[in-house]
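Novice: To start, I am sharing the structure in question, which I have written as structure tokens.
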């Protein structure tokens, strides 16, 4: 095995950098996080000729080395730290033929760091169509580099790139221009004070807000021989630097690039006319949202039903095959349903990311931001928050993951925090049964009252999400870029390979990231429900059998009674009874208390738990409904489920964070327990007080 | 009165004269918004905010408040 070459892929967003990465690594790639931050780290192995291997790191897209987000900081921190294990032996800058001018800005900066650099010009297949011709040898000479003309789409040029990587030692490390001419005096002093350091590296340390080892800005500022400048002057110098670089690039391209203007324009203008139109743009966008919603709400229900049935089948068969005992019970009732609870989300996640990657890849997502920015900005959200908020109506878990596409951290965090307010499909079973119980089946001005209530609950969820976003926007003190510059890339046909990789990668990150937490909590909940303190739990079977000895109950009904008795005296039952004083003012009794506690696993468990407690045996909706209607309120008298307590329960489920899977994914996406904890506490409080007020006013 | 990018009509073009260096983000300059370059207003969202521009071949969207900081000369 030969030496492994460290390669860093660098480039502007929308240059097809990821396509090049996918072509180089194939399935030998993995996605993780940079330590301590939420930036995705993509790396992979590429097999080069002669048995040499290259470690490819796909760095976050950036327009320059002047960082303005944590993603971009990652790029600078790596390129300035020679001790980093990922420090590149060779940098591959990916550019796109149609935006070569802008892409070269970053290239000239990388060259200044004196790292061996290869320039990839991607989308070379478009050159003819766009009337572009390029003098490659001349350009290589001017830029002091080697160029690979690549088309990731047509799969050409990748072998040339591999050839260049393997021969990286032959590459020039000389800068292609002299950036210090922006202020010769300043840079002369800098050179005198730090003779052993690269000048451009020093300049980046001075101007960028990043950490790297022993050479930090304080050390430079402290140096007596060197007088730095105030922030305003430094910013002007950075602007001068940019202008200087563009001047060099313009001069270079004038000599090497020719564009036949007649061939340009075309599809882009036509599509933009429709897709960003003041009316049609919105109509089309909402049409697409509807399609996405349909997919995760409706289409995914088929695979989900199948998964559900398979796990139930597996669990029941295991119970028969394995010897009875606590171990079998742990597997069949704890672990298998826990795993099922993870796998069941895969169809929704896959569908959502299938659509989102197509929207991103095609360049349409930028148009969405353009259309929605003004509306969403007022609430501290991004134009891109619309997709997570709408998909949250199906399930909060893929929706929270979809927030990854929001670049600005504050906007992304707010989106993640408010998404669980939208009415997800798991709330539906709870809503439907309670609405059926307490809302009369009558018409009001031609509308079905029950349907109207359901719609109000959906609106309430959305309203609460937007309102809390606005509050968080005012409260959260997070440094975020206060400006808005969004590139509107060219429309492209999405590449199936990229979409496929993205779907697989997102699904994997859910299963292995949040899945672990979900499995752990399901097992804990199973333990709490299957064990109880004291003799009553231990001898449940005997006690119940003795009690009903004279009534000759059918066997099934007796088993149901035993299950109900066991649950009442299990640990979770104790918790439900312990919180009874807290839930009585909301109009609930301890049975509902237990159902609320256990539905922390997932909201829809509420119905199943009530079914067990009322020992109705099956969770057929009609049966439970009839049984619930006969419940009486022990403190107030009269039926337990009245209009007041029903509305109180509806509001509780509308606002409460009753979903451990969501908490797990928020922990995964924000890399700390702080934000899911905040969600859990504040949403529970809001839910509690909303329910409290509703019951006390209506009773 | 200064004439800025925010005054362009759809499809109209101008030449960037001056940019308010202290206020504008460096990123905008990096995307090619430099004095002397040509700018075209491609599309506007409702209420003319944000604005969709083509600056020297770079297509980008910026908010109205940013656009008013870019002084231009409108091309006939």
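Quick reminder: no glycine exception, Cβ is built from N, Cα and C everywhere.
Annotation comment: TrEMBL describes A:11-18, A:36-40, A:58-61, A:122-125 as GTP binding site. According to TrEMBL, the Mg(2+) 1 binding site annotation covers A:22. The Mg(2+) 2 binding site feature in TrEMBL is assigned to A:25, A:26. Under the heading domain 'FeoB-type G', TrEMBL lists A:4-171. Annotation comment: TrEMBL describes A:279-297, A:335-359, A:379-401, A:413-439, A:451-472, A:510-529, A:635-656, A:676-698 as transmembrane segment.
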Novice: By a simple count, how many Cβ atoms lie within 10 Å of the Cβ of the residue listed as 'Mg(2+) 1 binding site', its own Cβ left out?
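Specialist: For the residue listed as 'Mg(2+) 1 binding site', the 10 Å Cβ neighbour count is 22.
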Novice: Fill in the CA-CA distance, residue A:40 (GTP binding site) to residue A:22 (Mg(2+) 1 binding site), as an integer in Å.
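Specialist: Here the two Cα atoms are 15 Å apart.
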Novice: Of the binding-site residues A:22, A:25, A:26, which sits closest to residue A:60 (GTP binding site) by Cα distance?
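Specialist: Going through A:22, A:25, A:26 one by one, the Cα closest to that of residue A:60 (GTP binding site) is A:22.
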Novice: Six or more residues beyond either end and a Cβ under 8 Å away: which residues meet both conditions relative to the transmembrane segment (A:676-698)?
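Specialist: Residues packing against the transmembrane segment (A:676-698) from afar: 417, 420-421, 464, 585-587, 643-645, 647-649, 651-657, 662-664, 666-667, 670.
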Novice: Near the transmembrane segment (A:451-472), which same-chain residues lie under 8 Å Cβ to Cβ, leaving out any that are not at least 6 residues past its ends?
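Specialist: Distant Cβ neighbours of the transmembrane segment (A:451-472) are 378-381, 385, 389, 392-393, 414-415, 417-419, 421-423, 427, 431-432, 435, 439, 444, 650, 654-655, 686.
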Novice: Top stretch among A:279-297, A:335-359, A:379-401, A:510-529, A:635-656 for CB pairs under 8 A with the transmembrane segment (A:413-439)?
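Specialist: Per the Cβ under 8 Å count, A:379-401.
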Novice: Below 8 angstroms Cβ to Cβ, which residues of this chain, lying six or more residues outside the transmembrane segment (A:635-656), approach it?
Specialist: 421, 423, 427, 430-431, 434-435, 437-439, 453, 457, 460-461, 464, 584, 586-589, 592, 596, 603, 606, 628-629, 683-684, 686-688, 690-692, 694-695, 698-699
Novice: When the Cα-Cα distance from residue A:123 (GTP binding site) is computed for each of the binding-site residues A:22, A:25, A:26, which gives the smallest value?
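Specialist: Out of the listed candidates, the nearest Cα belongs to A:22.
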Novice: For the transmembrane segment (A:335-359), give me same-chain residues lying six or more residues beyond its boundaries with a C-beta closer than 8 angstroms to one of its C-beta atoms, as numbers and ranges.
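Specialist: Hits for the transmembrane segment (A:335-359): 288, 291-292, 295-296, 299-300, 303-304, 307-308, 310-312, 314-315, 318, 365, 368, 387, 391, 394-395, 397-399, 401-402, 405, 494, 498-499, 502-503, 506-507, 510-511, 514-515, 518-519, 522-523, 526, 601-602, 661.
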Novice: C-alpha of residue A:26 (Mg(2+) 2 binding site) to C-alpha of residue A:11 (GTP binding site): distance in Å?
Specialist: 19
Novice: Could you tell me what the rest of the chain brings near the transmembrane segment (A:279-297), counting residues at least six beyond its ends with Cβ under 8 Å?
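Specialist: Counting only partners 6 or more residues beyond its ends, the transmembrane segment (A:279-297) has Cβ contacts under 8 Å with 348, 351-352, 354-355, 359, 367-368, 371-372, 386-387, 390-391, 393-395, 398, 425.
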Novice: At the Cα level, what's the spacing in Å between residue A:25 (Mg(2+) 2 binding site) and residue A:17 (GTP binding site), rounded?
Specialist: 12
Novice: Please report the number of other Cβ atoms within 10 Å of the Cβ of residue A:25 (Mg(2+) 2 binding site).
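Specialist: So the Cβ neighbour count for residue A:25 (Mg(2+) 2 binding site) comes to 22.
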Novice: How many whole Å apart are the CA atoms of residue A:14 (GTP binding site) and the residue listed as 'Mg(2+) 1 binding site'?
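Specialist: Checking the Cα atoms of residue A:14 (GTP binding site) and the residue listed as 'Mg(2+) 1 binding site' gives a distance of 15 Å.
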Novice: Return only the integer: C-alpha distance in Å from residue A:11 (GTP binding site) to residue A:22 (Mg(2+) 1 binding site).
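Specialist: Spelling it out, the Cα of residue A:11 (GTP binding site) and the Cα of residue A:22 (Mg(2+) 1 binding site) are 15 Å apart.
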Novice: Which ones in the same chain are close to residue A:17 (GTP binding site), with CB under 8 Å and 6+ residues apart in sequence?
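Specialist: Set apart from residue A:17 (GTP binding site) by at least 6 residues yet with Cβ under 8 Å, we have A:9, A:10, A:11, A:58, A:61, A:94, A:122.
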Novice: Through the lens of DSSP with three states only, how would you label residue A:22 (Mg(2+) 1 binding site)?
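Specialist: Helix, per DSSP.
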